[in-house]
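S.K.: Have a look at the structure that comes next, please.
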Amino acid sequence: MTTQAPPTSLLPLSPEQLARLQAAVGEFSPTQMAWLSGYFWGRVNQQPGAVASPAVAAPPPVTVTLISASQTGNARRLAEQLRDDLLAAQLSVNLVNAGDYKFKQIAQERLLVVVASTQGEGEPAEEAVALHKFLFSKKAPKLPETAFAVFGLGDTSYEHFCQAGKDFDSKLAELGAQRLLDRVDADVEYQVQAQQWRQQVVATLQAKVPAQSTAPTQFIAPTQSTTPAAAAITSGGTTTVSPYSKTAPLTAQLSVQQKVTGRNSEKDVRHIEIDLGDSGLRYQPGDALGVWFDNDPALVEELLALLWLKGDEPVSIDGQNMPLAQALLSHLELTQNTTLIVDKYAALSRDETLIALLADKPALQLYAKNTPFVDMVRQAPSDLNADQLVGLLRPLTPRLYSIASSQAETENEVHITVGVVRYDIDGRARSGGASGYLADRLEVDGDIRVFIEHNDNFRLPANPETPVIMIGPGTGIAPFRAFMQQREVDGASGKNWLFFGNPHFTEDFLYQVEWQRYVKEGVLTRIDLAWSRDQAHKIYVQDKLREQGAELWNWIQQGAHIYVCGDANRMAKDVEQVLLDVVALHGAMDAEQADEYLSELRQARRYQRDVY
């Protein structure tokens, strides 16, 4: 769902009134805002001649503050479902994205519910980093009057499963808040747990808070949207609801699939263009494209042969009956393994090597990460039946790719930049599920199921004069191609600076001709390139950032927005450390002050990351 505000000329407020309103509401807590909402409603509905009096206004409702800390959209969707449940139960609720939450108001919360996803190696979702850091700082207040509940979303294929949810739960309790419910840690297949938890939350809150006698108030904290249309005001605009979603994707067509790395490159990167037709599907620079895919039929046949299964065995997936081969092809995950699957398979196969592996957690994590299910079966044979096999495997999930185009230029197309995952295990070639599908199996003009995952935490600045610093090595360059297309079409006068890196200049300079044109035409003000393998010593984008520290600080002082896209585990952490060092050195700050400064940039949406 996308929301666009009407032009200022259509608002029932003058620009001066709108400015005063926006300045005034910034001082109020969510609870106070909820009370004011009811107060103004009462003013509007008074009988003619009646005199409004705050003294006789109804007492402020007890509001449930619901914080969504989402990375890929799942936490946000769950929070929205819970919001609807609470409203249906006549409970006042304030749904807010973690990135928009004024966390210094947390001491005023009485009922707090957090839905938190985890990214990378146990880190909070990008929009929740500032809140997480605040709660773990010395500034966090005691919360003796707060009751809370936490639902954690994660992936058991990662070592630090649901760590962000665990962090929020333990820290809130440490600060003196009381648990309404025990924390829930949910895996990729979280829907059943989520539904049960939603019911428990509603029942618990209904017992704790009486239903409001008037219509429940729902105040949604304003999103600091950076799109020009939405920057003026976030309510009262027109809303366009797309019929397409993760569960109801658009069937589009592949129009272009082109390798954009050289023939001698160690990397296989593809530029993909998808025709959206007349679907009306809309996206913005910074959004991601969700891609549903089928597994490799050869991989399905290999697995069936290893288990001595025919593929025509009847199985049930989400209540739908189908042959086993069809379930393996289109409904079950085959290219990603988890420690939980290894654990269960070890018990079923009684393989001594796998059983011994369970006692060594680091080795188990490494094995699950590097050994797909089919290769585990080959290494530790067993005689699973069809139902046992289906019970072991996780449901297939779509992959998200940062969009590499702006509809201001490409109109009914969407572009993505895909790094194809390729590797060998025991001499057998393997490829990634979605990347292999896009590069090797999907034909041009073939159908592909897609949807848009909106990301309001990675947006161009509203002011076209604002300078932009883009840091995106490898396929992390994708959203910055979209950014530059948008800035060029908008005629944005703000300066643009790109940091890009890859192994070799001659083989791995993605979209080289386009960047050279942007530089020649003055759209791209600066470009700094890091080629890690073109000389004896390795050079990365973080080295270029440090080298340009003084100028980088000048741009920041001029109000530049900083964007980082790419690998979360190493690159993004290294880049952030260099940014801290640059701020400390050129801003004459100590480490703590530099950290606080960068946090302030993040809260002001001047430091945004799209990392994975």
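Placed from the backbone N, Cα and C atoms, the Cβ positions cover glycine too.
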S.K.: ASP490, ASP574, ASP581: which one does Swiss-Prot list with SER532, ARG533, LYS538, ILE539, TYR540, VAL541, GLN542 for the NADP(+) site?
M.R.: ASP574
S.K.: Would you mind checking how many other C-beta atoms are within 10 angstroms of the C-beta on ALA434 (FAD binding site)?
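M.R.: The Cβ of ALA434 (FAD binding site) has 25 Cβ neighbours within 10 Å.
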S.K.: Count the Cβ atoms, other than its own, that fall within 10 Å of the Cβ of ASP155 (FMN binding site), considering every protein chain shown.
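M.R.: That number is 19.
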S.K.: Using GLN542 (NADP(+) binding site) as the reference point, find which of the binding-site residues GLY419, GLY432, TYR612 has the shortest Cα-to-Cα distance to it.
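M.R.: Closest by Cα: TYR612.
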S.K.: Just name the winner among ILE539, VAL541 (the binding-site residues) by count of other CB atoms within 10 A of its CB.
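M.R.: Within the set of binding-site residues, the most crowded position is VAL541.
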S.K.: Taking SER532, ARG533, LYS538, ILE539, TYR540, VAL541, GLN542, ASP574 as the record's NADP(+)-binding set, what's the max Cα pairwise distance in Å, rounded to a whole number?
M.R.: 18
S.K.: What does DSSP give as the helix, strand and coil breakdown of the domain 'Flavodoxin-like' (64-202)?
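M.R.: In the domain 'Flavodoxin-like' (64-202), the DSSP-based counts are 58 helix, 35 strand, 46 coil.
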S.K.: List every residue in the same chain as ASP574 (NADP(+) binding site), at least 6 positions away in sequence, whose Cβ is under 8 Å from its Cβ.
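M.R.: In sequence order, the residues whose Cβ lies under 8 Å from that of ASP574 (NADP(+) binding site) (at least 6 apart) are TYR540, GLN542.
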S.K.: Which entry in the list of binding-site residues, SER70, SER117, has its Cβ near the fewest other Cβ atoms, using 10 Å as the limit?
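M.R.: Each of the binding-site residues SER70, SER117 was scored; lowest Cβ tally within 10 Å is SER70.
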S.K.: Pop the Cα-Cα gap between SER532 (NADP(+) binding site) and SER70 (FMN binding site) into the table, whole Å please.
M.R.: 33
